[in-house]
Amino acid sequence: MAAARGPPDVDADIKARIAARAAALGFDGCRVASPDAVPEAAARLRAWLAAGRHGTMDWMSDTAERRGSPAALWPEVRSVIMLGLNYGPEDDPRAVLDRRHAGAVSVYARHRDYHDVVKGKLKDLAGFVARQGGVDARGAATEVKVFVDTAPVMEKPLAEAAGLGWAGKHTNLVSRDFGSWLFLGSIFTTLPLAPDPPGGDACGSCRACLDACPTGAFPAPRQLDARRCISYLTIEHKGAIDPELRPLMGNRIYGCDDCLAACPWNKFAQAGRDAKLRARDDLAAPSLDALSRLDDAGFRALFSGSPIKRIGVDRFLRNVAIAIGNSGDAALAPRAVALLAHPSPLVRAMAVWAGRRLLGTEGLALASPSCRAAEADADVLAEWERP
């Protein structure tokens, strides 16, 4: 049960001060949702999990009960303050897809890890909220908790309920002011605040995002099958990638922005203002040749402070090998051959696939007779024998 709210003018004044502080910290949106604003979200999540569309993300099912409702995560919560931080790119991120010698990195990963950037701002704002709330009639101090992506919070439904935007057909939030480019964070608080109204759906009959998906990961509007999503495949999935999907990945080596970038609402989007989220020049179109040469130390050094670091060098080189295979550039074939000697069977398996794409089975065998003869891993051998 929600706590009694203060007089409307007092409540509005506190909300205005919180919004002003959020703007001063660099947030581009600050709205309030009731903790019980999205009762249907839990049922949708359960149905999605039951259909197996979460792939190997077992942590989603493990936290489903707490994820379904803010009160299940923290029973004392009375208000959810939703924050949006614009990270819009300066250029169309799809331009790099035509540069087959280069790797395509998702916009969100071309700069410092946004979790760190957003969380720092959230902690500052949360302290401000606690001070504004003070002590209630029972003598209890206002409590706050901050969350950004990694906790079991259904941020997108809450952001929609708060009026930061609406759920696009690509299942991501769309904003009238920032298109598809908003990082989300939330502050749960015991301070009772009046919720803001939702903004409403403005997708209409548009299917641009659905039609843009390279792998057909949307079985229907607002339904995502993660098992076909390139972002899932290149980031969350730990094993070999389905041979059917590999050619469709192109040169995408970490994430995919196609559905986000295709949204017509991006015509109103603006480039992100936060200097900490400014894209690194070396990640705009990184050389596949250079990336394929990374060892563990080089990988960690290159991606220090980046979300890319968390997938590890083996999964990253798996993605790079697939991009090399999709390049159609015979000049990159020696890099596929070199990866046949990598310590990781996962990398070697994808190197076989890439080498066969560029040189053919016989050509790859001639280029690397010792590697095939010495191979003992069943999965790698299966790639050599695949029709």
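In case you wondered, yes, glycine gets a Cβ from its N, Cα and C as well.
If you check TrEMBL, you get these features:
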- Asp149: active site, proton donor (ACT_SITE)
- Arg67, Asp149, Leu173, Leu184, Ser231, Cys256, Asp257: cob(II)alamin binding site (BINDING)
- Cys203, Cys206, Cys209, Cys263: [4Fe-4S] cluster 1 binding site (BINDING)
- Cys213, Cys229, Cys256, Cys259: [4Fe-4S] cluster 2 binding site (BINDING)
- Lys238: tRNA binding site (BINDING)
- 191-223: domain '4Fe-4S ferredoxin-type' (DOMAIN)
**Report entry** Integer average pLDDT (0 to 100) for the domain '4Fe-4S ferredoxin-type' (191-223)
**Finding:** 97
Report task. Measure the Cβ-based neighbour count of Leu173 (cob(II)alamin binding site), defined as the other Cβ atoms within 10 Å of its Cβ. Result -> 25
**Report entry** the domain '4Fe-4S ferredoxin-type' (191-223), counted residue by residue under DSSP: helix, strand, coil
**Finding:** 5 helix, 2 strand, 26 coil
Report summary line: As a whole number of Å, the Cα atom of Cys259 ([4Fe-4S] cluster 2 binding site) is distant from the Cα atom of Cys209 ([4Fe-4S] cluster 1 binding site) by 4
Query raised in the report: Per 10 Å Cβ neighbour count, which of the binding-site residues Arg67, Lys238 ranks highest?
Result: Arg67
Report task. Look up Leu173 (cob(II)alamin binding site) in the DSSP assignment and reduce it to helix, strand or coil. Result -> strand
Query - recorded positions near Asp257 (cob(II)alamin binding site), in sequence order, restricted to Asp149, Cys203, Cys206, Cys213 and a 10 Å Cα cut-off - result: Cys213
